Amino acid sequence: MATDLGVPIDQVVKEGPGLAFVAYPEALLRLPCPQFWSVLFFLMLFVLGLDSEFALLENVLTSISDEFTWLRNHKLIFCVVTACFCYLVGLPCVTHGGNYVLTLMDVYGGGVGVVFIAIAECIGLLWIYGLGRISSDLEFMLGNRPNAYWRITWSFLAPVILMMIFLYSLVFHVPLRYEEYLYPNWANMIGWALACVSMLQIPIWAVLMVWKQPAGSLKEKLQMSARSTAEWGPSDTSLRSEWIAFTQKNVPGTLLSEQRKDCNNSTPINVGDKLGEAL
């Protein structure tokens with residue numbers, strides 16, 4: 001392809017949508033029986049996109065259904081309405097300027113925002129909820145406790161590397177460019193607003209939950225907001241008492257501070273954690 005186009009090899013293929021819909025199809029035309037390879041290639045793209053869409057859409061549907069439980073009785077209608085809404089939102093991406101819209105959404109909405117959310121997940125699960133409790137829960141569900149490699153990766157390597165990537169992307173950020181087009185300042189502002197819509201949800205709701213706690217000092221509010229609720233644990237009542245006993249046995253230093261009832265809703269038992277004391 002570089003010889004036919006008369007350009008250096010590093011300029012034959014560029015990142016972005018053109019890689020899948022321009023460069024690869026043109027390369028397939030140079031193979032024996034290009035029709036066969038083209039069908040396989042675009043079928044692969046379709047299945048790959050469908051698989052990704054299933055995971056993303058199900059994540060949204062499950063999150064909303066957990067908050068508004070009455071939607072579970074109308075899952076088919078809810079799914080169709082959500083899919084149609086996503087289809088309408090995505091229509092600007094297939095217009096003549098769609099590549100510019102897609103690049104803006106991909107860089108800001110799917111780049112720095114996703115990394116920030118991943119950092120918050122690592123901090124919330126591994127540093128606040130606790131590596132020991134995560135390992136204990138996995139052992140309870142799977143029968144095997146994560147080995148040292150996974151524990152070190154989850155608790156140290158993953159959050160540190162993600163923080164480095166996030167800080168690097170902020171320090172060395174350059175105005176967005178698509179091929180030879182340099183995005184104007186207002187477009188970059190829209191991109192940062194798009195990223196902040198997802199990133200600011202975490203600190204805003206965290207501050208709100210701390211403020212709502214019925215405590216006097218800020219330290220007590222932080223401790224109460226970081227402590228698990230009485231509903232935390234398996235929803236299956238037949239497993240709940242087993243999980244409580246398993247957690248108290250396998251997590252040293254568990255603080256018995258939360259009042260929870262056993263599976264028969266009869267005798268209250270104390271179950272707790274030291275999540276707040278970690279602060």
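The backbone N, Cα and C atoms fix where each Cβ goes, glycine too.
Worth saying up front: this structure is predicted, and the values here are computed from it rather than measured.
Quick look at what TrEMBL lists:
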- Leu48, Asp51, Ser52: Na(+) binding site (BINDING)
- 36-56: transmembrane segment (TRANSMEM)
- 76-101: transmembrane segment (TRANSMEM)
- 107-129: transmembrane segment (TRANSMEM)
- 149-170: transmembrane segment (TRANSMEM)
- 190-211: transmembrane segment (TRANSMEM)
Notebook entry, point to check: If you take the centroid of the Cβ atoms of Leu48, Asp51, Ser52, the listed Na(+) site, which other residues of that chain have their Cβ within 8 Å of it?
Noted result: Val47, Gly49, Leu50, Glu53, Phe54, Ala55
Margin query: With contact taken as 3 or more Cβ pairs under 8 angstroms (pairs 6 or more apart in sequence), are the transmembrane segment (190-211) and the transmembrane segment (107-129) in contact?
Written below: yes
Margin query: Let me check the 10 A CB neighbour count of Asp51 (Na(+) binding site). How many other CB atoms are there?
Written below: 10
Next item on the list: Enter the number of other CB atoms within 10 angstroms of the CB of Ser52 (Na(+) binding site).
Entry: 10
